[in-house]
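J.: Annotations for this protein, taken from TrEMBL, read as follows:
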DOMAIN    20-57  domain '23S rRNA (guanine(745)-N(1))-methyltransferase N-terminal'
BINDING   CYS21, CYS24, CYS37, HIS41  Zn(2+) binding site
BINDING   TYR84, GLU111, GLY112, TYR207  S-adenosyl-L-methionine binding site
Amino acid sequence: MESKRTQAIQKFNYWTTRMTCPICKSNLSFSHNQVRCDHNHSFDIAKQGYINLAPNHQEAHYNSDLFTARQRIMQDANLYAGVYHQILDLIMEKGVDLSQVSNLIDLGTGEGSHLHQLAQTWQAHVANDQDQMPQFLGLDLAKDGILSAAKHYTNALWVVADLSQLPFKDGQVEGTITILSPSNYAELNRALSEQGWALKIVPGPNYLKELRKIILPVDEQKHDTSASIAKFKAAFNDFGQSHYQQYRPLNKEHIRDLIQMTPLMWHANESQMTEAMALDGITIDLQILFGRKKEKS
(Lines of atoms letter the chains of each structure in order from A and count residues from 1; the text may use other names and numbers.)
(Lines give C-alpha, C1' and ligand atoms only; values in the text may rest on other atoms or scores of the structure.)
Protein backbone atom coordinates (compact mmCIF):
# COMPACT_ATOMS: atom_id res chain seq x y z
CA MET A 1 0.00 0.00 0.00
CA GLU A 2 1.34 3.42 -0.98
CA SER A 3 2.25 5.80 1.81
CA LYS A 4 0.17 8.94 2.28
CA ARG A 5 3.21 11.00 1.33
CA THR A 6 3.50 9.12 -1.97
CA GLN A 7 -0.20 9.63 -2.63
CA ALA A 8 0.18 13.37 -1.94
CA ILE A 9 3.11 13.56 -4.36
CA GLN A 10 1.03 11.85 -7.05
CA LYS A 11 -1.83 14.31 -6.51
CA PHE A 12 0.59 17.23 -6.56
CA ASN A 13 1.75 16.15 -10.04
CA TYR A 14 -1.62 17.34 -11.37
CA TRP A 15 -1.45 20.68 -9.56
CA THR A 16 2.23 21.50 -10.06
CA THR A 17 1.72 23.46 -13.31
CA ARG A 18 -1.24 25.31 -11.80
CA MET A 19 0.31 26.48 -8.53
CA THR A 20 2.80 29.18 -7.59
CA CYS A 21 5.28 29.79 -4.81
CA PRO A 22 3.58 31.76 -2.01
CA ILE A 23 6.76 33.78 -1.49
CA CYS A 24 7.82 34.84 -5.00
CA LYS A 25 4.96 33.62 -7.23
CA SER A 26 7.31 31.56 -9.44
CA ASN A 27 6.61 28.03 -10.68
CA LEU A 28 6.52 25.06 -8.32
CA SER A 29 7.85 21.57 -8.94
CA PHE A 30 8.72 18.45 -6.97
CA SER A 31 12.46 18.06 -6.55
CA HIS A 32 14.80 16.43 -4.01
CA ASN A 33 11.88 15.18 -1.93
CA GLN A 34 10.44 18.68 -1.54
CA VAL A 35 8.20 21.12 -3.33
CA ARG A 36 10.52 23.78 -4.75
CA CYS A 37 10.09 26.93 -6.81
CA ASP A 38 12.24 28.42 -9.55
CA HIS A 39 13.99 30.59 -6.93
CA ASN A 40 14.68 27.60 -4.68
CA HIS A 41 12.16 28.29 -1.94
CA SER A 42 11.31 24.85 -0.57
CA PHE A 43 8.29 23.37 1.21
CA ASP A 44 7.82 19.99 2.83
CA ILE A 45 5.45 17.23 1.82
CA ALA A 46 4.78 15.72 5.23
CA LYS A 47 4.75 11.98 5.81
CA GLN A 48 1.10 12.36 6.86
CA GLY A 49 0.27 13.39 3.27
CA TYR A 50 -0.03 17.18 3.04
CA ILE A 51 1.96 20.14 1.72
CA ASN A 52 2.82 23.08 3.98
CA LEU A 53 3.11 26.33 1.99
CA ALA A 54 2.93 28.46 5.17
CA PRO A 55 5.55 26.91 7.47
CA ASN A 56 5.99 30.02 9.62
CA HIS A 57 2.32 30.59 10.45
CA GLN A 58 1.24 29.98 14.05
CA GLU A 59 -2.50 29.44 14.56
CA ALA A 60 -3.84 30.44 17.98
CA HIS A 61 -7.52 29.44 18.11
CA TYR A 62 -8.03 26.73 15.49
CA ASN A 63 -6.22 23.86 17.21
CA SER A 64 -6.27 20.08 17.10
CA ASP A 65 -8.97 19.80 19.80
CA LEU A 66 -11.33 21.95 17.75
CA PHE A 67 -10.73 19.99 14.56
CA THR A 68 -11.05 16.63 16.32
CA ALA A 69 -14.44 17.70 17.68
CA ARG A 70 -15.50 19.00 14.28
CA GLN A 71 -14.42 15.86 12.44
CA ARG A 72 -16.26 13.69 14.93
CA ILE A 73 -19.57 15.58 14.82
CA MET A 74 -19.51 15.95 11.02
CA GLN A 75 -18.93 12.24 10.51
CA ASP A 76 -20.68 10.58 13.46
CA ALA A 77 -23.68 12.91 13.75
CA ASN A 78 -23.77 13.77 10.03
CA LEU A 79 -24.37 17.36 11.09
CA TYR A 80 -24.79 18.72 7.55
CA ALA A 81 -26.82 15.80 6.18
CA GLY A 82 -28.40 16.72 2.86
CA VAL A 83 -26.46 19.92 2.23
CA TYR A 84 -23.97 18.26 -0.13
CA HIS A 85 -26.75 17.06 -2.44
CA GLN A 86 -28.21 20.56 -2.35
CA ILE A 87 -24.82 22.06 -3.26
CA LEU A 88 -24.54 19.82 -6.31
CA ASP A 89 -28.17 20.47 -7.27
CA LEU A 90 -27.48 24.22 -7.38
CA ILE A 91 -24.25 23.73 -9.34
CA MET A 92 -26.05 21.59 -11.92
CA GLU A 93 -29.00 24.00 -12.02
CA LYS A 94 -26.53 26.70 -13.09
CA GLY A 95 -25.40 24.59 -16.04
CA VAL A 96 -22.31 22.87 -14.68
CA ASP A 97 -21.78 19.29 -15.93
CA LEU A 98 -20.33 17.43 -12.95
CA SER A 99 -18.62 14.89 -15.22
CA GLN A 100 -16.66 17.66 -16.96
CA VAL A 101 -15.28 19.60 -13.99
CA SER A 102 -11.49 19.23 -14.03
CA ASN A 103 -10.64 20.57 -10.57
CA LEU A 104 -12.19 22.00 -7.43
CA ILE A 105 -10.64 23.61 -4.36
CA ASP A 106 -12.16 23.94 -0.91
CA LEU A 107 -11.06 27.22 0.66
CA GLY A 108 -11.00 27.08 4.45
CA THR A 109 -11.32 23.30 4.39
CA GLY A 110 -10.51 22.91 8.09
CA GLU A 111 -10.22 19.19 8.86
CA GLY A 112 -11.58 18.27 5.42
CA SER A 113 -14.95 16.75 6.39
CA HIS A 114 -16.99 18.95 4.06
CA LEU A 115 -14.78 18.31 1.04
CA HIS A 116 -14.67 14.58 1.77
CA GLN A 117 -18.46 14.29 1.97
CA LEU A 118 -18.93 16.51 -1.08
CA ALA A 119 -16.51 14.29 -3.02
CA GLN A 120 -18.43 11.17 -1.99
CA THR A 121 -21.72 12.76 -3.08
CA TRP A 122 -20.10 13.89 -6.35
CA GLN A 123 -18.85 10.35 -6.99
CA ALA A 124 -22.38 8.98 -6.65
CA HIS A 125 -23.61 11.54 -9.20
CA VAL A 126 -21.09 10.33 -11.80
CA ALA A 127 -21.85 6.65 -11.10
CA ASN A 128 -18.51 6.03 -9.36
CA ASP A 129 -16.57 6.71 -12.58
CA GLN A 130 -13.18 7.98 -11.36
CA ASP A 131 -12.39 9.36 -14.82
CA GLN A 132 -15.29 11.79 -14.40
CA MET A 133 -14.19 13.05 -10.98
CA PRO A 134 -12.43 16.40 -10.48
CA GLN A 135 -9.05 16.75 -8.85
CA PHE A 136 -9.91 17.95 -5.34
CA LEU A 137 -7.70 20.20 -3.20
CA GLY A 138 -8.42 21.34 0.35
CA LEU A 139 -6.68 24.49 1.55
CA ASP A 140 -6.50 26.06 5.01
CA LEU A 141 -4.04 28.15 6.99
CA ALA A 142 -4.58 26.06 10.14
CA LYS A 143 -1.98 23.29 10.05
CA ASP A 144 -3.82 21.22 12.67
CA GLY A 145 -6.87 21.13 10.43
CA ILE A 146 -4.92 20.05 7.36
CA LEU A 147 -3.08 17.42 9.42
CA SER A 148 -6.43 15.99 10.52
CA ALA A 149 -7.71 16.05 6.94
CA ALA A 150 -4.66 14.18 5.66
CA LYS A 151 -4.98 11.67 8.49
CA HIS A 152 -8.61 10.80 7.74
CA TYR A 153 -9.14 11.37 3.99
CA THR A 154 -7.21 10.52 0.82
CA ASN A 155 -9.54 11.84 -1.90
CA ALA A 156 -7.91 15.29 -2.09
CA LEU A 157 -4.56 17.03 -1.93
CA TRP A 158 -4.33 18.85 1.41
CA VAL A 159 -2.41 22.13 1.55
CA VAL A 160 -1.56 24.60 4.31
CA ALA A 161 -1.74 28.03 2.67
CA ASP A 162 -3.14 31.54 2.97
CA LEU A 163 -6.69 32.03 1.63
CA SER A 164 -6.07 35.73 1.03
CA GLN A 165 -3.13 35.02 -1.32
CA LEU A 166 -4.03 31.85 -3.17
CA PRO A 167 -1.04 29.80 -4.43
CA PHE A 168 -2.53 29.34 -7.90
CA LYS A 169 -1.69 30.82 -11.29
CA ASP A 170 -4.24 33.04 -13.00
CA GLY A 171 -7.16 31.18 -14.56
CA GLN A 172 -6.21 27.67 -13.40
CA VAL A 173 -9.08 26.80 -11.05
CA GLU A 174 -12.43 25.62 -12.40
CA GLY A 175 -14.50 25.48 -9.22
CA THR A 176 -14.21 26.65 -5.62
CA ILE A 177 -16.28 26.08 -2.51
CA THR A 178 -16.04 28.13 0.67
CA ILE A 179 -18.10 26.95 3.62
CA LEU A 180 -18.46 29.39 6.53
CA SER A 181 -15.02 30.89 5.88
CA PRO A 182 -13.92 34.37 4.79
CA SER A 183 -13.20 35.04 1.11
CA ASN A 184 -11.03 37.33 -0.97
CA TYR A 185 -13.22 37.69 -4.06
CA ALA A 186 -10.57 39.49 -6.11
CA GLU A 187 -8.22 36.56 -5.52
CA LEU A 188 -10.96 34.06 -6.37
CA ASN A 189 -11.72 35.76 -9.67
CA ARG A 190 -8.00 35.93 -10.49
CA ALA A 191 -7.55 32.19 -9.94
CA LEU A 192 -10.76 31.09 -11.68
CA SER A 193 -10.69 29.91 -15.29
CA GLU A 194 -12.74 31.70 -17.95
CA GLN A 195 -15.85 29.62 -17.21
CA GLY A 196 -14.89 29.05 -13.58
CA TRP A 197 -17.37 29.29 -10.74
CA ALA A 198 -17.44 29.89 -7.01
CA LEU A 199 -19.81 28.44 -4.45
CA LYS A 200 -19.99 30.00 -1.00
CA ILE A 201 -22.02 29.05 2.05
CA VAL A 202 -22.88 31.71 4.62
CA PRO A 203 -24.92 31.33 7.82
CA GLY A 204 -28.67 31.80 7.51
CA PRO A 205 -30.67 33.83 10.07
CA ASN A 206 -31.38 30.77 12.23
CA TYR A 207 -27.89 29.25 12.11
CA LEU A 208 -27.08 27.76 15.55
CA LYS A 209 -30.01 29.74 16.95
CA GLU A 210 -30.13 27.62 20.10
CA LEU A 211 -26.55 28.61 21.00
CA ARG A 212 -27.03 32.20 19.87
CA LYS A 213 -30.02 32.52 22.21
CA ILE A 214 -27.80 31.49 25.12
CA ILE A 215 -24.79 33.67 24.26
CA LEU A 216 -26.03 36.81 22.50
CA PRO A 217 -28.33 39.73 23.32
CA VAL A 218 -31.81 39.48 21.80
CA ASP A 219 -31.09 42.00 19.04
CA GLU A 220 -28.07 39.96 17.85
CA GLN A 221 -29.62 36.50 17.87
CA LYS A 222 -30.82 36.60 14.26
CA HIS A 223 -27.90 36.37 11.85
CA ASP A 224 -28.29 39.05 9.13
CA THR A 225 -27.00 37.57 5.87
CA SER A 226 -28.07 40.36 3.51
CA ALA A 227 -24.70 42.15 3.41
CA SER A 228 -22.78 38.90 2.79
CA ILE A 229 -25.12 37.90 -0.03
CA ALA A 230 -24.99 41.35 -1.63
CA LYS A 231 -21.18 41.37 -1.54
CA PHE A 232 -20.98 37.95 -3.19
CA LYS A 233 -23.58 38.88 -5.80
CA ALA A 234 -21.60 41.99 -6.74
CA ALA A 235 -18.36 40.01 -7.09
CA PHE A 236 -19.59 37.37 -9.56
CA ASN A 237 -21.80 36.84 -12.61
CA ASP A 238 -24.72 34.42 -13.09
CA PHE A 239 -25.78 34.52 -9.44
CA GLY A 240 -27.71 31.59 -8.01
CA GLN A 241 -28.96 30.85 -4.50
CA SER A 242 -30.39 28.00 -2.47
CA HIS A 243 -31.53 27.78 1.15
CA TYR A 244 -30.86 24.83 3.47
CA GLN A 245 -32.31 24.47 6.96
CA GLN A 246 -32.52 21.42 9.21
CA TYR A 247 -32.85 20.79 12.92
CA ARG A 248 -30.35 18.11 13.94
CA PRO A 249 -30.96 16.09 17.14
CA LEU A 250 -27.67 15.52 19.00
CA ASN A 251 -26.57 13.41 21.94
CA LYS A 252 -24.51 14.85 24.80
CA GLU A 253 -21.18 13.86 23.27
CA HIS A 254 -22.08 15.65 20.05
CA ILE A 255 -23.33 18.72 21.93
CA ARG A 256 -19.93 18.80 23.66
CA ASP A 257 -18.22 18.58 20.26
CA LEU A 258 -20.44 21.36 18.91
CA ILE A 259 -19.47 23.63 21.80
CA GLN A 260 -15.78 22.75 21.33
CA MET A 261 -15.77 23.60 17.61
CA THR A 262 -17.92 26.76 17.64
CA PRO A 263 -16.14 30.15 17.95
CA LEU A 264 -19.41 31.56 19.32
CA MET A 265 -18.74 29.57 22.52
CA TRP A 266 -15.09 30.49 23.02
CA HIS A 267 -15.87 33.15 25.63
CA ALA A 268 -18.95 31.54 27.22
CA ASN A 269 -19.16 31.62 31.01
CA GLU A 270 -19.89 28.62 33.22
CA SER A 271 -23.63 29.28 33.34
CA GLN A 272 -23.84 29.58 29.56
CA MET A 273 -21.83 26.38 29.10
CA THR A 274 -24.18 24.51 31.44
CA GLU A 275 -27.21 25.79 29.53
CA ALA A 276 -25.63 24.83 26.20
CA MET A 277 -24.85 21.31 27.43
CA ALA A 278 -28.56 20.87 28.21
CA LEU A 279 -29.48 21.25 24.52
CA ASP A 280 -30.62 18.17 22.63
CA GLY A 281 -30.15 19.48 19.10
CA ILE A 282 -29.17 22.41 16.88
CA THR A 283 -30.51 24.27 13.86
CA ILE A 284 -28.30 24.35 10.76
CA ASP A 285 -29.46 27.23 8.54
CA LEU A 286 -27.35 28.00 5.46
CA GLN A 287 -27.51 30.19 2.38
CA ILE A 288 -25.78 28.51 -0.58
CA LEU A 289 -24.52 31.05 -3.14
CA PHE A 290 -23.25 30.43 -6.69
CA GLY A 291 -21.49 32.78 -9.09
CA ARG A 292 -19.28 32.65 -12.18
CA LYS A 293 -16.01 34.44 -12.78
CA LYS A 294 -16.33 38.18 -13.22
CA GLU A 295 -13.61 39.79 -15.29
CA LYS A 296 -12.17 43.12 -14.20
CA SER A 297 -14.02 46.00 -15.84
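Don't overthink the numbers, they just go from 1 along the chain as shown.
Using the three backbone atoms N, Cα and C, a Cβ is placed for every residue, glycine included.
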J.: Taking the Cα atoms as reference points, how far is GLU111 (S-adenosyl-L-methionine binding site) from CYS21 (Zn(2+) binding site) in Å?
T.: 23
J.: Between TYR207 (S-adenosyl-L-methionine binding site) and CYS21 (Zn(2+) binding site), find the distance joining the two CA atoms and give it rounded to the nearest Å.
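T.: With the alpha carbons as reference points, the distance is 37 Å.
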J.: Going by DSSP, is CYS21 (Zn(2+) binding site) part of a helix, a strand, or coil?
T.: coil
J.: So what pLDDT does the domain '23S rRNA (guanine(745)-N(1))-methyltransferase N-terminal' (20-57) average out to?
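T.: A mean pLDDT of 93 is what the model gives the domain '23S rRNA (guanine(745)-N(1))-methyltransferase N-terminal' (20-57).
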J.: Please report how many Å separate the Cα atom of TYR84 (S-adenosyl-L-methionine binding site) from that of CYS21 (Zn(2+) binding site), as a whole number.
T.: 32
J.: Using the Cβ center of CYS21, CYS24, CYS37, HIS41 as the Zn(2+) site position, which other residues in that chain lie within 8 Å, going by their Cβ?
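T.: Result: THR20, PRO22, ILE23, LYS25, SER26, LEU28, ARG36, ASP38, HIS39, ASN40.
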J.: For HIS41 (Zn(2+) binding site), what is the tally of other C-beta atoms lying within 10 angstroms of its C-beta?
T.: 16
J.: Round to the nearest Å and give the CA-to-CA distance linking CYS37 (Zn(2+) binding site) with GLY112 (S-adenosyl-L-methionine binding site).
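T.: Spelling it out, the Cα of CYS37 (Zn(2+) binding site) and the Cα of GLY112 (S-adenosyl-L-methionine binding site) are 26 Å apart.
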J.: Specify the secondary structure state of TYR84 (S-adenosyl-L-methionine binding site) as given by DSSP, simplified to three classes.
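T.: In three-state terms, TYR84 (S-adenosyl-L-methionine binding site) counts as helix.
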J.: Looking only at TYR84, GLU111, GLY112, TYR207, which the record lists for S-adenosyl-L-methionine, tell me the maximum pairwise CA distance in angstrom.
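T.: In whole numbers, the farthest two Cα atoms are 21 Å apart.
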